[in-house]
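Feature annotations, courtesy of Swiss-Prot:
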- 10-32: transmembrane segment (TRANSMEM)
- 53-72: transmembrane segment (TRANSMEM)
- 76-93: transmembrane segment (TRANSMEM)
- Asp94: site 'Important in orienting the substrate' (SITE)
- Asp95: site 'Important in orienting the substrate' (SITE)
- 105-127: transmembrane segment (TRANSMEM)
- 137-157: transmembrane segment (TRANSMEM)
- Asp159: site 'Could be required for catalysis' (SITE)
- Asp162: site 'Could be required for catalysis' (SITE)
- 164-181: transmembrane segment (TRANSMEM)
- 186-205: transmembrane segment (TRANSMEM)
- 218-235: transmembrane segment (TRANSMEM)
- 240-262: transmembrane segment (TRANSMEM)
- 292-311: transmembrane segment (TRANSMEM)
- 316-338: transmembrane segment (TRANSMEM)
Amino acid sequence: MLDERMIRIVVAFIVSLLTVLIITPIVKRIAIKIGAVDQPSNRKVHDKIMPRMGGLAIFIGVVAGVLASGIYTETRMTAITVGAFIIIVLGILDDKYQLSAKVKFLIQLGVAIMIVSTGLKMDFFSVPFLTERFELGWMAYPLTVLWIVGITNAINLIDGLDGLAAGLSVIGLSTIAVMALSGGKVLILSLSLVVIASTLGFLFYNFHPAKIFMGDTGSLFLGYSISILSLLGLYKSVTLFSIVIPIIILGVPIFDTTFAIIRRILNKQPISAPDKSHIHHRLMAFGLSHRMSVLVIYLIGFIFSISAIVLKSATIWLSLFIIFILIIFMQIIAEVTGLVNEKFKPFTKFYKRLVKRN
């Protein structure tokens, strides 16, 4: 007979999925009515006005799933829920009024500080091959705040093609769910699955050709959710490789952001300057269709996620080897697609010199 908790989780998953499937068309009409729409531009791939704010449907689905699962009684859920509500309101206002980056950052900072004030933080750091552990002390507070704010924005940075951010979030959250299941962490498993179900329900309307965009309402909420779930998994103890796992789960947006910064520095552009050279843009410029570009990035995200799962139980040397291979893998993709520019190919140049010597 199935455990009662597992039955609740399955019911919560179904409730979240059905809620979003039903509510998304309503959210779409509301977005159009209030003018929360995305205008076409030369930096964007869509050529018509699109309703934003789809993240509101995801949020409503998550709330429905949480209520169905009964996990709202958990002690840490109050602060997490308040933070999620603030992030959703922030996203809705941004989708409608295009808030400044400074305003968004300050509000996210406030949410992160509120979460940390409840005691949910990383208290010490340990390295597997050293016996001594390093107490973070007062540094636990800024590091945890940085973690929450950084990951909250990570999904927003990759939200450039139909279904891309939603699909990558599902892949990342599924990885967290698998790890939570293997570790017997019911709260993380339950939250992960209701967010997955809600995002899948939204993806039905968001995959190419999209009928609605998630907007900052969705990307910020999904980023916030992943930051909290990964933090719950790291709670108190942070090891060298445990902190790498959520970074690998978010490998695609982190990789894309890192190379965007390198690109803008080398091209002498402001770091915050928008451009059309993100990985999804480069894949399309490479000749891939909109849908195929998304699927290729899904595959990359899947590779990262499988690597994260293997890392969880790998030896130190295998962990280092996997991380090294992932770095080389992403560097090759960056050079092949011209992610920085056509001249930035250090690995290719090194390989050619090596071949000539032999």
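The backbone N, Cα and C atoms fix where each Cβ goes, glycine too.
Source: prediction; values computed, not measured.
Distribution of Swiss-Prot features across the structure.
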residue: Asp94; record: site 'Important in orienting the substrate'; Cβ contacts under 8 Å, 6 or more apart: Lys104, Gly215, Asp216, Thr217, Leu220
residue: Asp95; record: site 'Important in orienting the substrate'; Cβ contacts under 8 Å, 6 or more apart: Ala31, Ala36, Arg52, Met53, Gly215, Asp216, Thr217
residue: Asp159; record: site 'Could be required for catalysis'; Cβ contacts under 8 Å, 6 or more apart: Ala165, Phe213, Met214, Gly218, Ser219
Tally Cβ pairs under 8 Å between the transmembrane segment (186-205) and each listed stretch (10-32, 53-72, 76-93, 137-157, 316-338), then give the stretch with the top tally. 10-32
Would you mind checking how many other C-beta atoms are within 10 angstroms of the C-beta on Asp162 (site 'Could be required for catalysis')? 24
Look at every Cβ pair spanning the transmembrane segment (53-72) and the transmembrane segment (105-127), keep those 6 or more apart in sequence, and say whether at least 3 of them are under 8 Å. no
Cβ-based contact of the transmembrane segment (76-93) with the transmembrane segment (218-235), 3 or more pairs under 8 Å: yes
Taking 137-157, 218-235, 292-311 as candidates, which has the most Cβ pairs under 8 Å with the transmembrane segment (164-181)? 292-311
Intrachain residues whose Cβ lies under 8 Å of the transmembrane segment (292-311), provided they are six or more past its termini: 158, 161-164, 167-168, 171-172, 174-175, 178-179, 207-208, 241, 244-246, 248-249, 251-252, 279-280, 283-284, 318-319, 322-323, 326, 329, 333
Taking DSSP three-state, what's Asp162 (site 'Could be required for catalysis') in: helix, strand or coil? coil
Based on DSSP, name the secondary structure state of Asp95 (site 'Important in orienting the substrate'): helix, strand or coil. helix
